[in-house]
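So that you can see what the record holds, here are the features copied from Swiss-Prot:
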type: REGION; residues: 1-43; note: region 'Disordered'
type: COMPBIAS; residues: 7-16; note: compositional bias 'Basic residues'
type: COILED; residues: 111-176; note: coiled coil
type: REGION; residues: 145-202; note: region 'Disordered'
type: COMPBIAS; residues: 145-167; note: compositional bias 'Basic and acidic residues'
């Protein structure tokens, strides 16, 4: 059995209760209904409407200098050069459309390939499977020829460089031989001049 509490203990227990503030909206249904019927009050706008004098002044300016264009440009659209930026020497930033490839006028192979591949989008609606496969084969063949030509150009360039290096080396070798020969001749002349005795008659 629990021990009996004294009157003072009971009183202190009741007095030390924490008070809670409960809103009427939660407890009172009438208050809740009143709140729901209230219109939504929007805060006053901070932007003031211009005065008549200010409007007149603005219109006078427009008449004098013309209206400003409403379009506002960002910094990246204005193409302003960036300051305090480290510029790497010898590297030029590419401008314009990326992936632009120019074809030479006399390059019939590439032109044919491009024409055939461009028509691919528009011709597929009214062509049979056989025609399509034939055309795709043609495009593949043209691409293969282009690759072969590129490889050939690479090989030719490499061969040209090799020949250039070889010719430079042979030229240097020939120069070295010439200089060595001329040096030997000079030495032999000097030695023969030393061995001869000159006699002068008075």
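Just so you know, glycine gets a Cβ as well, placed from its N, Cα and C.
DSSP labels the residues of the region 'Disordered' (145-202) in these numbers: 51 helix, 0 strand, 7 coil. Averaged over the coiled coil (111-176), the predicted model reaches a pLDDT of 85.
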